[in-house]
Amino acid sequence: MPRFKLTFHGYAVRFSPFYEHRLAVGTSQNFGILGNGRIHILDLAGAGAGAGDISETLSFDTADGVYDVSWSESNDNILISATGDGSVKVWDLAAPPTANPLRSLHEHSREVQSVDYNPVRRDSFLSAAWDDTVKLWTLDRPASVRTFKEHAYCVYAAAWNPRHADVFASASGDCTVRVWDVRESGSTMIIPGHEFEILTCDWNKYNDCVIATGSVDKSIRVWDVRSYRAPISVMNGHGYPVRKVKFSPHHGSFIASCSYDMSVCCWDYQLEDALVSRYEQHTEFAVGLDMSVLVEGLLASAGWDQLVYVWQHGSDPMAGPPLPPPPMMG
Amino acid sequence: MSMRELVTGGAACAVPGSSSSSNPLGALANSLLGSSSKTQEKLNELPGTAVTGPSTSLYSGGDNQLSTLPGFENEEQELRHPDAQASEFLRGFRGADHGGFADAWNEIQRPQLPPHGLRGGPLPYTEFDRVYENGFQSQPPPTLDGPPGMVLSNFLHSFMRSSGTGVPFGPAMLPVLGLSERDKLCIRDRSSIMARHFFADKSEEFINAQVNTLLHSLDIDSDFRAKGPIPGRYPELEEYWNESQGAIQPVIHNPANGWINEFSQQKSLHSDPEAWVNMFEQQHGAKGWASEFQQEQSQMTSMNQINSANMAAMEQARMLAHTLSQNNNPKFQNSKFHQFVSKMSRGELIVDDNQIKPAGVSSHVGWAEEYQQQHKGAPTSWVNEFAQNELSHGTNGWAKEFSAERELHGSVDDKWVQEFSKLNVNDWAEEFGHQVGEGVLGESSEWLDGYNEYLNEQQAVKQQSNSSRGVYLFSDMNPYVGHPDPLKEGQELFRKGLLSEAVLALEAEVIKNPENAEGWRLLGITHAENDDDQQAIASMMRAHEVDPTNLEVLLALGVSHTNELEQAEALKYLYGWLQHHPKYGTLAPPEQSASLFFADVAGLFNEAARLSPDDADVHIVLGVLYNLSREFDSAIKSFQSALKLKPRDYSLWNKLGATQANSVQSADALLAYQQALDLKPNYVRAWANMGISFANQGLYEDSIRYYVRALAMNPKADNAWQYLRISLSCASRNDMLEACDSRNLDVLQREFPL
């Protein structure tokens, strides 16, 4: 399947919820430690035939690293990004270059590591930042609607519940995951999920009570929020911290993860032997990961080796179009 | 941020507490720059790559300009007159008494306080910086060079990479990079937070040392505990992880004198070349396995050559190599840092004078010897056990073997390590560490057996493939068996281009007369033209057995082995051609055939071409030879010379086309193949080659049509079926894969007419 060479180091990748061949990739210079950022809008349409590679349709430059991107669920051209300078930016693919970014929402005092667009109420989104807060935004407001400040350390991820428009979870370096209802004053649940920093979390798309977390302790744990004293599953297999976990939009118990061990793993947390497959295409930290909602089994990953891979689960991400054989002299 | 905003200090530049919107430069900028600004964001150019603009406020630089989003006007309306769902959402907010919209709104409207304190304030340490710089300037010249952006990038890269090794990241002398305060703050804060992820399984001290080294080398105030770890987290796991790392000493952060300590530590670190080594010792030597080992070492008398710090570093590295070797991931096994750690563990790299240096060969060998001596000298230790084991095996020991091999390979360099790791032999050091860890010393020869087994297997596979190749497979139910003159019939069918029929007739001939070289030869030629190389080679080998001097057979075998890129075999047959040629035989002394080198053989053929420039065959063989050496331009010239003499040789046109295709001249190749097909329309190999050329250009649909045409003429061309399958999937025609797999030519021809 095809791949795309990035200018900077890959941080995040997301499939468009509207077009099966469209991807957004967030990247940062110098591993996101210092320098610029760039968002690539990629097109898969030509991939597979012809040159077999992914083509870029558009790119946006930023003055600091782009750590995450998320597509609008209501407008196919709107993308939001999390930036190292603490800003959340709104981009319009249809607008002229000079009009972008449409907005730069600057409230976080530290790096924003995660943005997530509400898939149910399609007008709001979350940002999670190293200033220990999560903020709720709507596209039509110049400032955040609410700030959720309870975590004691960096918040690395915030994820909306796929069923309940007002419920989201946040994962933090304070080793907890918190579940929030935006209608409540404080968090409704604190899960002390790991003994090390929690870098990522995601909700099960088929069971709104199940959440997965990934941590610096290298494990992925699956929790039922109705009885969260103990995880319902602990999945070991990554050799370094787990950077991203993602529940499949097509199978209830299927999870994909990527890690600083450079691999992308797929799991079925209901199996005793949970590790389904391991993909080793990246040669540096694998940081960004997504699963297509529109094409079942289609995965995308982005890494610090400046590569984005798109492949079908079960196939080899590195298998390009096979080389034609050498011609034969008669 | 556009250039204009940069000059005017527009909204994006608004530094808290400063007002810059009424900048008189703005008017000038407007008139100068007009509306030519292309991007809204001023990119954060690294120093040295572009002019650095006025520094913006900490972490700012965003564009706060608001515009109405297209397509959202309606939704805004909705919010003002919310529908049922929306109003519920709003009530939810209002219902909560802590932060309804009004509160949230007010919160946002409050002026943003400038960031304060350690968590992001501007560095208040200007005096510190000045003192620090003075100290820094007294250092030796920088060791990393190039444009500042590149130096920084490389340096950060090495920092990241060091996460995989656990080997302390060595301080580097960097040129002045001209980092702004904001840049420094970014590096400081981000690297310290991120390092806690990458180096998660290392001790807190190790992480601090790593980050300190990074920051110090970049001349950055290292009071990075702004976002330090949360005290009292990691209970058991950290302990478990750090068992091998030495003592865990919780870092007590004192904000009052933190930076002073840091500074003095680092100052001494840089003024004293051995400070880093000491630090390393402090870090790893307190207790744990490494120090135990060190204690044992210190009892030995033979430790003079290598200082204990290096021994500790070596042991540290060895343990890491051990850890890494237990990770079966080949990526880690092949990674540069693994090689680095392996070298470190073998004492090939030593810590000397603040630098990692390659150790001399002598010191390495010395280490290996020392190691053996230690085995003998430590009566109760496992080391001794191992030594005894080694002795009881009666071998010379891995160490000597290894040293011997090392000497064979020459000096200590990367090349050697790479070469060694290329072998499918597990690095002995890792293997040794692994076995020590597993306590399976008695079975230490197991892996060697495994390796020998593997070698034998490889050998067997190779022999098998060689033997199966030479076997000719006859067709079942041959109607020509019993034919009075199958050779004549075969020649006639070949001339008509009915290749598959000709094959049957010629098979009948060689069954009837197995010693008929011409029968085998023509059978081989027919198979080659029919694009069945396996059968072609098998026939030609039989023809060669019957008549070892037949020139056409020798050339055909040379060509077939060239197609397979088997240089030695191809050279043998092509040299044989020269040897048995009545005109050029004198050029090729038989004794030379024992050791053939490409350059010699090519030289002989060039000599032959000089002697008789009008002999097309010499040019043809030269062309084949240049294909063998992949000098396609020369090969094309040779074939073109031959074609001037033999313009109607279709197989020569095909050779030219194949050579052009190999040198990525697909358009020319198609023309040459077309010439061949004009002369011989049933030339299956040329049809297949055309398909390959189209596939090379990404024209998979076209390639499919040519493969299908070739297969329609010879459904037994197995290669072409494989090529067809590849092109079908590349063209996303998976719907036709079943027809391909069931070899349903009717369906394929209907779908892909030519």
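One is the number of the first residue shown, and numbering goes on along the chain from there.
Placement of Cβ uses the backbone N, Cα and C atoms for every residue, glycine included.
As annotated by TrEMBL, region 'Disordered' applies to B:1-21 (among others).
The compositional bias 'Low complexity' feature in TrEMBL is assigned to B:9-21.
As annotated by TrEMBL, region 'Disordered' applies to B:38-61 (among others).
Positions annotated as compositional bias 'Polar residues' by TrEMBL: B:52-61.
Across the range of the repeat 'TPR' (B:517-550), the DSSP-based residue counts are 27 helix, 0 strand, 7 coil. As annotated by TrEMBL, repeat 'TPR' applies to B:517-550 (among others).
Per TrEMBL, the feature repeat 'TPR' maps to B:616-649 (among others). Within its own chain, the repeat 'TPR' (B:616-649) is flanked in space by residues 551, 555, 558-559, 562, 565, 567, 570-571, 574, 577-578, 584, 598, 601-602, 605-606, 608-609, 655-656, 658-660, 662-663, 679, which lie at least six positions past its ends and keep a Cβ under 8 Å from the stretch.
The annotation repeat 'TPR' is assigned in TrEMBL to B:650-683 (among others). Look at the repeat 'TPR' (B:650-683): DSSP puts its residues at 27 helix, 0 strand, 7 coil.
Counting only same-chain residues 6+ beyond the ends of the repeat 'TPR' (B:684-717), those with a CB under 8 A from a CB of the stretch are 499-500, 528-532, 650, 653-654, 657-658, 661, 664, 666, 669-670, 673-674, 676-677, 723-724, 726-728, 730-731, 733, 743, 745, 748-749, 752-754. Look at TrEMBL and you will find B:684-717 (among others) tagged as repeat 'TPR'.
Panel annotation: around the repeat 'TPR' (B:517-550), residues 469-473, 487, 490-491, 494, 499-500, 502-503, 506-507, 509-510, 556-557, 559-560, 563-564, 576, 580, 651, 680, 683-685, 687-688, 710, 713-714, 716-720 of the same chain, lying at least six beyond its termini, place a Cβ under 8 Å from a Cβ of the stretch.
Across all of the repeat 'TPR' (B:650-683), the predicted model scores a mean pLDDT of 91.
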